[in-house]
Amino acid sequence: MALASPVDYAGTITSSQRQLSSVMPRCNGLRCTIGYGNKSRAGGHLVVRAMSMDRLKLDFSNPNWKNQFQEDFDRRFSLPHLTDIIDVESRPTTFSLKSRTPLENVDGSLEESWNGYVNDDDRALLKVIKFASPTSAGAECIDPDCSWVEQWVHRAGPRKQIYFEPQCVKAGIVTCGGLCPGLNDVIRQIVLTLEKYGVKNIVGIQHGFRGFFEDHLAEVPLNRHVVQNINLAGGSFLGVSRGGASISDIVDSIQARRLDMLFVLGGNGTHAGADAIHGECRKRKLKVSIIGVPKTIDNDILLMDKTFGFDTAVEAAQRAINSAYIEAHSAFHGIGLVKLMGRSSGFITMHASLSSGQVDICLIPEVPFTLDGPNGVLRHLEHLIETKGFALMCVAEGAGQEYLQKSNATDASGNMVLSDIGVHLQQKIKSHFREINVHSDVKYIDPTYMLRAVRANASDAILCTVLGQNAVHGAFAGFSGITTGICNTHNVYLPIPEVIKTPRLVDPNSRMWHRCLTSTGQPDFC
């Protein structure tokens with residue numbers, strides 16, 4: 001259950017979920033970094049508060065609290081627009097599927113005859129389930145009575161009016177963070193859609209934000225001919241990297257390059273950087289649109305059904321799980337152990353376990369577990385060996401970190417370097433079965449980087465196509481500081497700050513986790 005406090009409007013979850021604290025950009029002088037907020041316990045719940053100075057105070061005894069909530073929600077989910085800071089006139093769009101080439105000298109008649117545009121007042125519901133009780137599986141409640149409050153967000157798509165002259169636009173694309181299936185698909189679709197509007201000057205920034213300040217990393221000219229077949233391979237055509245220069249230096253580079261649009265492909269950290277770049281552009285009153293495209297195989301970005309690369313990663317994980325199953329099933333007292341990606345969110349591990357149907361134990365960061373004792377993982381492994389002769393385990397990389405020696409090291413993105421739970425479990429299982437004098441044959445498979453280096457599957461390729469097109473539509477509509485994604489099967493635009501407050505986690509009370517437990521048959525390891 002996610003329940004708001006009667007005092008502060010802050011998301012809460014049960015203590016067993018061990019929700020990570022808020023992830024928001026912190027700017028100190030010219031440099032913007034990503035940091036974690038504070039965690040605190042209150043009444044058996046772990047209260048997670050965003051690093052926001054304008055957090056709404058809600059008094060549920062006030063009969064008008066719903067109106068207050070909706071007003072605050074509408075304010076927070078209002079999309080930043082270029083006209084907020086500068087005077088810029090709109091013009092009829094050059095985008096139409098009624099013509100093979102961008103429209104010229106549009107007088108409005110053609111748009112009226114084609115109903116393919118999205119109205120600025122179109123909205124999609126962010127939440128679609130009306131929970132009757134806070135005790136319902138997966139309940140997400142605002143107040144203790146789980147009252148229904150409509151939460152509408154902006155629909156994505158092409159508008160009739162645009163705020164850039166396509167022939168004068170210079171657009172840039174940058175891919176940040178780690179690799180992810182589908183990066184090339186998104187790059188390709190952004191380029192094709194920009195050309196559909198009539199943009200001729202499109203460039204790629206090499207190796208993430210690093211490309212803005214390292215002189216030897218030149219811009220890569222992009223057009224339909226260059227990107228036509230890049231979706232047939234994995235990786236990033238432009239290259240990736242973590243970290244980067246100060247936000248001020250990046251915006252200086254954006255000005256020097258005369259970029260009008262920048263499409264930033266990345267996860268939570270990259271989106272925080274994109275939002276900081278957007279903020280600096282607004283501060284300087286620049287006519288520059290900064291649009292994010294959510295990329296993470298972990299599927300850990302708030303409010304979205306899924307992010308591109310996730311489906312492909314789950315599918316790629318099947319090869320490792322199937323191999324571990326065959327090894328375990330073929331060996332005498334075989335135990336297959338597979339470690340998958342997911343530093344704070346266990347979506348890949350949960351979905352891969354469900355998809356396989358062969359996994360006996362699924363361990364994810366959101367659900368605590370014990371290794372020893374009568375209710376521990378090791379005792380259940382004994383039971384599986386006794387009853388079926390073999391066992392198959394799947395563990396997320398961020399699970400069970402409390403059993404490992406913590407490292408204070410961080411990567412270039414500021415993420416804590418995790419200790420290897422897979423190796424620890426492998427050694428622990430071998431040691432345990434030796435101590436009880438029972439033969440075991442442990443086969444450990446770590447396919448980590450194999451999951452993200454592959455080409456996008458059909459499902460992700462479609463998602464990448466939609467996200468890439470909508471990113472361009474959002475930029476031409478004059479929005480900035482937004483990201484595009486799918487909420488409840490509908491394509492929407494969201495303000496970046498609202499999707500980076502915390503990582504999205506598996507809810508242990510959700511129906512999907514319950515389905516996973518039903519599939520594996522594992523007990524509660526507490």
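Glycine is treated like the rest: Cβ placed from N, Cα and C.
Automatic, uncurated: that is what TrEMBL annotation is.
For reference, TrEMBL has these:
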type: DOMAIN; residues: 171-473; note: domain 'Phosphofructokinase'
type: SITE; residues: GLY269; note: site 'Important for substrate specificity'
type: BINDING; residues: THR296, ILE297, ASP298, MET341, GLY342, ARG343, GLU397, TYR449, MET450, LEU451, ARG452; note: substrate binding site
type: ACT_SITE; residues: ASP298; note: active site, proton acceptor
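Features recorded in TrEMBL, as mapped to the structure shown.
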| residue | record | CB count, 10 Å |
| --- | --- | --- |
| GLY269 | site 'Important for substrate specificity' | 23 |
| THR296 | substrate binding site | 29 |
| ASP298 | substrate binding site | 28 |
| GLY342 | substrate binding site | 26 |
| GLU397 | substrate binding site | 24 |
| MET450 | substrate binding site | 14 |
| ARG452 | substrate binding site | 22 |
Average model confidence [pLDDT] within the domain 'Phosphofructokinase' (171-473): 94
Alpha-carbon distance [ARG452 (substrate binding site); GLY269 (site 'Important for substrate specificity')] in Å: 18
Cα-Cα distance, maximum over THR296, ILE297, ASP298, MET341, GLY342, ARG343, GLU397, TYR449, MET450, LEU451, ARG452, record's substrate binders, Å: 16
